[in-house]
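Visitor: In case it's useful when we look at the structure, here is the feature table from TrEMBL:
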BINDING   235, 236, 237, 238, 239, 240, 241, 259, 286, 306  S-adenosyl-L-methionine binding site
ACT_SITE  361  active site, nucleophile
REGION    440-530  region 'Disordered'
COMPBIAS  476-487  compositional bias 'Acidic residues'
COMPBIAS  499-512  compositional bias 'Basic and acidic residues'
């Protein structure tokens, strides 16, 4: 009975987009992890079919059990290998067995198939997630990339070196490579399982999709330049992002992490302990209720904001939605986008904030470009910063300085990242001056440091939740905020004008001096003649 109760609980959390199936299963501490994982995955795969069987037989009305529990029981009873429980639930389900089997048989006759598997859509029969590489981050708080590679090689894995193209990530068997974008990321063939591996249990490696590391790597060069940065992870649980931030910070400075769910925060505390994180300050608190002007946050300069989203980019969370579900999802998207914009506006109120990373694991424009575009219009004190110019998938125009990802173009789950930077008028002038100096001093062999080009200005928002703007208004956001190139050009024109003016004044003074000198010489000559 415990197996079915836990499986139903995990399915409910997956529906609420709380986490992936694998994360929830391994966090459950269930005695037989593999059995639980298989039941949840198979039930999720046949979810729409099971729901149709349950509704056509009116099982919920007759048994008084909830839908997700009914799904896992019906799956094992009529599709799987039989119920693995006894007692009241088994007795209850056996009463309805013949009706449930008859409903399944009618579905197969209607669709003219003979196997249960053939009832599934082609996308469910061959899930995209099965083709994605296994990404493994080396936790540099506990080990080095070189040591991790040596460990895997001793275990029989074959290291093929550094990847240079996306095709290099199409791996098979026990081959692995270093990622082409991130130095602390190793890439293995799909379905390589490390959950029982010694390095994982010891916190030396972290398992997570590459999309998360991309959104975090945008802060690497910012934080690493500071001796002891104060960083805030606004929606932190289950803790993988926080542990990576701590590694970037080398456990120096202070790392504030918030989450509203006490249980998730407790799990996160355990994960951070295993990962060797010591600079964290956890709080079981709603980020929207955190006072940005609080004395403890006066030095916060960097924020990672990864708010609740639809999870539509996560391959394992996708399913075939009915028309009624699509309408419900549309309303949910609108509510999520308003919440995300509210979170962004609140985060930008921290007085010393310099840069903020906004990320989602969503593929929907409503949660991504439209939220950022609305923020650009409402917050003229900040602007977009371009990210990873070599990354193959960009944000939708005109916000192409943001990043997107997908299973086809980047071999990751779907995600979106934007980097916002505070930009005052004084800083614009300083940067224009710095750029001119760099251009003057730059030699052909030295790398260009003028890549920090920014896109659109963004200000401080109020507490009121505002609706994101439409795609049509995104161009207005771009036009409303001058690009750095235009700003620098304007600055150069002003300096050139000033320089020309100074030159005219100088020439006037020289002419005046020459005139005076000539006059004095003439008087002296006349005096001698007399």
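In case you wondered, yes, glycine gets a Cβ from its N, Cα and C as well.
Where the annotation comes from TrEMBL, it is an automatic prediction and has not been curated.
Fair warning: this is a prediction, and the values are worked out from it, not measured in the lab.
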Visitor: Distance between residue 235 (S-adenosyl-L-methionine binding site) and residue 361 (active site, nucleophile) at the Cα atoms, whole Å?
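Guide: Their Cα atoms are separated by 13 Å.
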Visitor: Across the record's S-adenosyl-L-methionine-binding residues 235, 236, 237, 238, 239, 240, 241, 259, 286, 306, the largest CA-CA distance in angstrom?
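Guide: This binding site's residues have a maximal Cα-Cα distance of 19 Å.
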Visitor: Can you give me the Cα-Cα distance between residue 237 (S-adenosyl-L-methionine binding site) and the residue listed as 'active site, nucleophile' in Å, rounded to a whole number?
Guide: 14
Visitor: In this structure, which of the recorded positions 235, 237, 361 has the fewest other Cβ atoms within 10 Å of its Cβ?
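Guide: Relative to the other recorded positions in 235, 237, 361, 235 has the fewest Cβ atoms within 10 Å.
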Visitor: Of the binding-site residues 239, 241, 286, which one sits closest to the residue listed as 'active site, nucleophile' when you measure Cα to Cα?
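Guide: Closest by Cα: 241.
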Visitor: Over all shown protein chains, what is the count of other CB atoms within 10 A of the CB belonging to residue 239 (S-adenosyl-L-methionine binding site)?
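Guide: Within a 10 Å radius of the Cβ of residue 239 (S-adenosyl-L-methionine binding site) lie 27 other Cβ atoms.
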Visitor: Using Cβ-Cβ distances, find the residues under 8 Å from residue 286 (S-adenosyl-L-methionine binding site) that belong to the same chain and are at least 6 apart in sequence, listing them in sequence order.
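Guide: In sequence order, 258, 260 meet the Cβ cut-off.
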Visitor: Report, as a single number, how many Cβ atoms besides its own are within 10 Å of the Cβ of residue 241 (S-adenosyl-L-methionine binding site).
Guide: 24
